[in-house]
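Pulled from TrEMBL:
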{"type": "ACT_SITE", "residues": "13", "note": "active site"}
{"type": "BINDING", "residues": "13, 146", "note": "Mg(2+) 1 binding site"}
{"type": "ACT_SITE", "residues": "73", "note": "active site"}
{"type": "BINDING", "residues": "73", "note": "Mg(2+) 2 binding site"}
{"type": "ACT_SITE", "residues": "146", "note": "active site"}
């Protein structure tokens, strides 16, 4: 792949109730948002039903944007084990889809996404959202927040994947 070839990353902010997704295309030094949104599931559905909804709708996004690879936010949870378990299961759906489509996966930490987008690994959520808007040339901050977060994860993924490719080439 040449530097001038476009590279598409589908970033995912995993969650069981709301899963953000955002595809960013990089061509040379330019970034463009291809798509973004949020997949929502209702809490009155069973966990298997919710996971299937996430699977089906994220699969549609992968088929629509044909990413070269995916970026999935690396998760850290403190004390809320119930929330953590459901989110980890949703994350498993993302990893399964990546494997089914033969896509590499990079896993930026939240601080890496903030650093990539804002230059500060401790940036506030609002700062990240505004920088996503500016860097991608969008008129408005993507809504809901999960979509903006997924675009930031995608941009961090592009940076990590680029470093990975460079190190593999020596």
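Cβ from N, Cα, C; glycine included.
Any TrEMBL annotation is an automated prediction that lacks curation.
Across the recorded positions listed here (13, 146), the residue whose Cβ sits among the most other Cβ atoms within 10 Å is 13. Reduced to three states, the DSSP call for residue 146 (Mg(2+) 1 binding site) is helix. The secondary structure of residue 13 (active site), as reduced to three states from DSSP, is extended strand. The Cβ of residue 73 (active site) lies under 8 Å from the Cβ of 11, 12, 13, 14, 107, 108, 109, 110, 113, 149, 153, each of these being in the same chain and 6 or more residues away along the sequence. Under DSSP, residue 73 (active site) is assigned to coil, being neither helix nor strand in the three-state scheme.
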